[in-house]
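Worksheet: the structure to be examined is printed underneath.
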Amino acid sequence: MEILSLHQWKQQQDTKSSTIRNKQVDQDVLRIIEQVQIQGDEALKHYTLQFDQVNLNSFEVTSNEWEQAIKKVDSTLLDALETAAGNIQRYQSEMLESNWSITPETGVKLGQQVNPLDRVGIYIPGGKASYPSTVLMDAIPAKVAGVKEIIITSPPNKNGEIDPVVLAAAKIAGVTKVYKVGGAQAIAALTYGTETIPSVDKIVGPGNIYVTRAKKWVFGDIAIDMIAGPSEICIFADSSAPVPYVAADLLSQAEHDEEASSLCITTDRSFAKLLQEEVNRQIPLLERKEIIEASISQNGKIIICDNNEEAINTINQLAPEHLQLMTIDSEQLCPKIKHAGAIFIGNYSSEPLGDYFAGPSHTLPTNGTAKFSSPLGVYDFVKKTSLIQYSKNKLAEAADTIITLAEAEGLTAHANAIRIRKENDNA
């Protein structure tokens, strides 16, 4: 794990080229989307055979498959999922918004109506790991919001099955249906619908670059949560932080994939050296060490800042997905952080606490988008409608002002819609 001054790190960032706009990936994704639009389920069968090496006659997980899968899940794991689900539901319930109205003056009523989306789709990745936690984190906010139909798509394994733990989590979270479809083809199916899979109002959930680019291309035809990149962790630590804890937390994110980013910011060069040694000591002990080594080699850095102010400015510029504050004054520093997906405060608020258990969703903005984006929550699964009600007298009072504004924009039909009421009432 490389130790760099802030200046050196910034120079490295300037020389990095973005890989998100991969023209070949976009060409492949657009072809897949087009084929799913044209051929529906037949295209899904073709791509599932091509990419997942399994020939499926049907995509929906049946109730019997669901029940049998859940029976395979260890009771201790089921209890853990239930406990985490309870924490998530409790946290997300605090975000619920209600309808409201005001009467600023007699004859005028203004308000807002909050309604859940009708149907949402959640993409759950397969591949290098199973993600039942993502099922809970993405589906429970939708359920709390009042969404009636919650659909999951996830790539099947070589036996044409979905991981039983994912299905157990889906049942606990209140998911309506699960389909064995992955990749860009799943995003296309959720957007445009097929003979089997209905179209949805919004797609949420992480995926590989094909899923991510597909979500970007269908945005506008449906809503999406965000354009997610590789996982990120940034830890601001000083000599008060236990070095083994900091190292373990950095490596916990590095095991996601080779592109994951693990940064530690500190003002203490001696601490940085100890951390570097501890990271090197821990890596060989970990099960996914090959992925971790590749990730740390490419994207693992310890950045030396001159003082706390410089460190805070760097963090806010970076806007990391996960930020851990492991300094002697973590609570005092927290209000100074303006841009981060989630902030973990203190030595015992390890990032995996947020991944699995605490309650806030672990679906967070990446690639600096925490500067303008928020974590996934209940508010992502509702829409708001403005309510406007004027009495005859109040419209008459406002008529001349409205007509003046409409005519100033050259929209005489707008003006006429008001004038006709004014003249009719005065007749």
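Cβ atoms here come from the backbone N, Cα and C positions, even for glycine.
What Swiss-Prot records for this protein:
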- E321: active site, proton acceptor (ACT_SITE)
- H322: active site, proton acceptor (ACT_SITE)
- Y123, Q185, N208: NAD(+) binding site (BINDING)
- S231, Q253, H256, H322, D355, E409, H414: substrate binding site (BINDING)
- Q253, H256, D355, H414: Zn(2+) binding site (BINDING)
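Counting only the Cα atoms, the space from E409 (substrate binding site) to E321 (active site, proton acceptor) is about 44 angstrom. Surrounding the centroid of the Cβ atoms of Y123, Q185, N208, where the record places NAD(+), the chain contributes additional residues within 8 Å, namely P125, T153, P155, G182, G183, A184, A186, I187, G207, Y210, V211, A214. You'll find the Cα of E321 (active site, proton acceptor) roughly 7 Å from the Cα of S231 (substrate binding site). Here substrate is bound by S231, Q253, H256, H322, D355, E409, H414 per the record. The longest Cα to Cα distance in that group is 56 Å. Looking only at the recorded positions E321, D355, E409, the densest Cβ neighbourhood within 10 Å occurs at E321. When Cβ neighbours within 10 Å are tallied across all protein chains shown, the highest count among the binding-site residues H256, H414 belongs to H256. In the three-state DSSP classification, E409 (substrate binding site) falls within coil.
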